[in-house]
Structures are given as structure tokens and as C-alpha cells.
Amino acid sequence: MEQNNSVTEFILLGLTQDPIRQKMVFIIFFIFYVGTVVGNLLIIVTIKSSRTLGSPMYFFLFYLSLADSCFSTSTAPRLIVDALSAKKTISYNECMTQVVALHLFGCMEIFVLILMAVDRYVAICKPLRYPTIMSRQVCIILIVLAWIGSFIHSIAQIILTLRLPFCGPNLIDHYCCDLQPLMKLACMDTYRINILLVSNSGAICSSSFVTLMISYIVILHSLKNHSAEGKKKALSTCTSHIIVVILFFGPCIFIYTRPPTTFPMDKMVAVFYTIGTPFLNPLIYTLRNAEVKNAMRKLWHIKISSESKK
């Protein structure tokens, strides 16, 4: 990557400079990251192995878990390692790579959440046409478009980042590389770049959140025509989706839709959507979903049975 500055590396200050708290950060986020990877991989393996989880909703859940694992991996490992490291440096190229990964998988998660909302809308509001509208071919095309859109978004972010000149200060008051903390170090007026950031990341977060909430309001309103059992099942599924949407988009909107100012809480807010939400998603989708829990039980029962026979 071509550099337009004299800085070859940055120093990540992380969440805290206190040695005792750094050890706490290591323990807490190591547990969170392992839980995130194990939980999401368990969902991925279960969906791939189970014949009962072949509907479009689980097809999209597979990619949500994949995006969650990659999204958390783009930030958590460095946060964990730096918590016990005396030298918290990151090279310029590594920093730019982290920006790309963060926005690629973060944007992918947004698009998958939108596709899951579309799937629930068609399933509940257009049940007779559901198999035709949400066919496997259509789902594959939608996921491919989501990857393309995420790639375009991440490229737009890295183009903005590469335009920032760094002339000396290299202390990033954050635990990862992102456009906002990097703009604080740039030796130029970043007003225009911030406007572009808000019109890109901010617009995606805000418009997606509004679209999702409107879609779920329409879905919930349409449930009055369904049976009691149908209402219960649809409410359980939609409630899980709404919880995930609020947990993810709340912090994103706070970070990406405001003037170029920083607050002390920014790092903790970023932790919530980059590490906290990917950790909670498997719990939300498994604890509130009987089909996934049953499929997991069957999967583990088969594996235990096959091991005992050996």
C-alpha cells in the first residue's frame, strides 16, 4: 500500500494503560473471543450438517455467523495480545488491512441482517409465494450481492483512509485502526473526509436500521391475521432479530453519524458492536430458537454415538 506520509507504524493505546486492568482486559476478552468463535462455528457446523435447517432463514444465519466470526477476528486478537504486550505497535500496512477487514465484515453483517428481515417479511406476509420468492437460487444471488456491496464499502473506506497524511504523531487512542481515530492524527483538515464518512458508513447504518425497524413493524402488524401458534413462533423469531438489530446498530449509529468529535466512551461503544454483539448473536439465535437447539442436540448425539461405537 502506498504511503502518503512519514509514519511507518502506529502505537495502539488500547482500552487502558493500567497493568492490572490490562490483565483483566486480557482475561475478559479472551473468554469473549473464544466464546464468539466457538458459538458461531457451532451454528455454522449445525446448519451445514442438519437436514432440518435448510430454509432460507438458516441459510442467511450461516452467513451471519460467518460474518460475526470474521468481524470479531478483525479486532479481538490484537486487543487480547496487546493487553499483555509491552510494545503495542501496528505497521501502517497492517493498520490499513484492519480497516478493510473491519468494514468488509461489518458491512456484510448489516446486509445479512437486512436479508434476514426480507426473508421473515416474505415468510409471514406472503406465505403462499414464499418458496418461489425465496428460492435457493435467489438466496445465493442475494448473498453474492451482499458480498459485492460489502467489498465496495470497504474499498471506499480504505480510499478515504489512504488520503490521510500522517506527519509525526502516531499514538492511536483506540484498540484498533478505524477512520475516526486515524483522522485525529492526520495533519490536514479532515472535515470533508468526515462528511464522506458520515455519508458512507453513517448513511448505511442509519438507513439500514430504519428500514429494518419499519419491516419488523409491518411484520408484527400482519401477525394479527395468524393463528395463536403461528403468532408465537413468528414473535419468537422476530424478537431475536430485533434484539440483534438494536444491539448492533445502536453503537454503529453513535460512532459513524456525528461530527468529527471524540468522547471517552467511544472505545467501549466500539467494543460493544465489534466484540460484544458477535458474542451475543449465537446465544440469542440458539436460546430463542427451538429448531437450532434440537438440531444441535441431534448433531452432538450422533457424534457421541459414533465415538462410542469406535
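Positions of Cβ are set from backbone N, Cα and C atoms, glycine also.
The average pLDDT for the domain 'G-protein coupled receptors family 1 profile' (39-285) in the predicted structure is 88. The domain 'G-protein coupled receptors family 1 profile' annotation in TrEMBL covers 39-285.
Residues or ranges marked as transmembrane segment by TrEMBL: 24-45 (among others).
Feature annotation from TrEMBL assigns transmembrane segment to 57-80 (among others).
Residues 57, 60-61, 63-64, 67-68, 70-71, 74-75, 139, 142-143, 146-147, 149-151, 153-155, 157-158, 176-178, 201, 204-205, 208, 211-212, 215-216, 219, 241, 244-245, 248-249, 252, 273-274 of the same chain, all 6+ positions outside the transmembrane segment (100-118), place their C-beta atoms under 8 angstroms from a C-beta of that stretch. Residues or ranges marked as transmembrane segment by TrEMBL: 100-118 (among others).
Residues or ranges marked as transmembrane segment by TrEMBL: 138-160 (among others).
Annotation comment: TrEMBL describes 201-223 (among others) as transmembrane segment. Counting only same-chain residues 6+ beyond the ends of the transmembrane segment (201-223), those with a CB under 8 A from a CB of the stretch are 103, 107, 110, 113-114, 117-118, 120-121, 124-125, 153, 157, 179, 230-231, 234-235, 238, 241-242, 245, 249, 252-253, 256-258.
Marked as transmembrane segment by TrEMBL: 235-256 (among others). For the transmembrane segment (235-256), same-chain residues at least 6 beyond its ends with a Cβ under 8 Å from one of its own Cβ atoms are 57, 106, 109-110, 113, 116-117, 120, 180, 197-198, 201-202, 205-206, 208-209, 212-213, 216, 219-220, 223, 266, 269-270, 272-273, 276-277, 280-281, 284-285, 288-289.
Among residues of the same chain six or more beyond the transmembrane segment (268-287), those with a C-beta under 8 A of the stretch's C-beta atoms are 15, 29, 32-33, 35-36, 39-40, 42-43, 61, 64-65, 68-69, 71-72, 74-76, 79, 102, 106, 174-176, 178, 240, 243-244, 247-248, 250-252, 254-255, 293, 296. Positions annotated as transmembrane segment by TrEMBL: 268-287 (among others).
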